[in-house]
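Scroll down for the structure; my scribbles are underneath it.
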Ligand SMILES: Nc1ncnc2c1ncn2[C@@H]1O[C@H](COP(=O)(O)OP(=O)(O)O)[C@@H](O)[C@H]1O
Ligand SMILES: Cc1ncsc1CCOP(=O)(O)O
Ligand SMILES: [Mg+2]
């Protein structure tokens with residue numbers, strides 16, 4: 001979906017969110033032109049999935065007692081033909097791989113967005129991490145490609161280098177914006193942006209546009225403010241102000257290559 005279409009159609013993005021960052025995630029979807037909704041009640045899922053254009057599942061604060069409901073949500077989205085995006089927060093920690101393994105086994109995950117350490121888990125590649133953050137270095141293009149081949153999902157690997165791969169085509173966004181890594185929630189919000197952009201159909205192009213959106217907004221914000229507190233608010237403003245022309249110029253201007 002193009003940014004102008006998002007602003008026109010206001011896709012409804014159902015976020016099965018963690019309990020740490022939902023307000024920021026909802027604001028990011030909202031300021032870009034989408035319509036966020038957060039819920040955790042199984043009884044609501046059929047109605048909300050029917051009304052939504054995308055379902056984004058974040059396992060950051062998963063609970064065993066809710067796992068079957070989470071799987072049911074993904075299955076309902078599959079049956080309704082709605083894109084399912086998974087944000088597998090800190091999946092490299094053994095206890096956190098449990099919900100991800102169960103979801104992958106019993107439902108179709110269309111797009112997986114994670115940092116390099118999280119995506120490396122799907123690829124079966126060692127990559128150092130510290131809790132929710134990736135701390136290592138490695139061939140992130142190879143990791144994303146391998147993860148896509150192993151999962152059959154579109155992989156959106158985020159970090160200093162963003163890599164998008166479906167196992168055949170691999171795109172990279174090579175723009176360093178360290179401040180983007182300083183706020184908790186920018187990854188969660190990026191996963192919701194990916195759902196928003198894929199609301200009209202799942203594609204590597206839509207996924208790349210979502211990642212370019214966050215990256216460009218980060219570049220613009222980091223030119224104006226230099227500390228995390230101001231940055232997170234400036235980032236929201238830059239997302240709100242972003243135009244299709246600016247985004248296309250960024251995408252076509254060499255920041256992104258295959
Ligand atoms: N060093 C960096 N330079 C540029 N962008 C970054 C950097 N680290 C993270 N980002 C960006 O921050 C956002 C969140 O990514 P990341 O920090 O990898 O996710 P998570 O918060 O889930 O660990 C993404 O848009 C990513 O491109
Ligand atoms: C701190 C924390 N703990 C469980 S989920 C979460 C938020 C993770 O946010 P992000 O992956 O966007 O940094
Ligand atoms: Mg994360």
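Even glycines carry a Cβ here, placed using N, Cα and C.
According to TrEMBL, the protein has these features:
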- 38, 185: substrate binding site (BINDING)
- 113, 158: ATP binding site (BINDING)
Count, for each of the binding-site residues 38, 158, the other C-beta atoms lying within 10 angstroms of its own C-beta, and report the residue with the smallest count.
-> 38
With respect to ligand 1, which members of the binding-site residues 38, 113, 158, 185 satisfy a Cβ distance under 6 angstroms to one of its atoms?
-> 158
What are the non-local neighbours of residue 113 (ATP binding site), defined as same-chain residues 6+ apart in sequence with CB under 8 A from its CB?
-> 85, 86, 87, 156, 158, 187, 190, 191, 194
Three-class DSSP assignment, residue 185 (substrate binding site), comes back as coil
Determine, from DSSP, whether residue 113 (ATP binding site) sits in helix, strand or coil.
-> strand
Is any of 38, 113, 158, 185 (binding-site residues) within Cβ reach of ligand 2, i.e. under 6 A, and which?
-> 185
Cβ atoms other than its own within 10 Å of the Cβ of residue 185 (substrate binding site), all chains, total 18
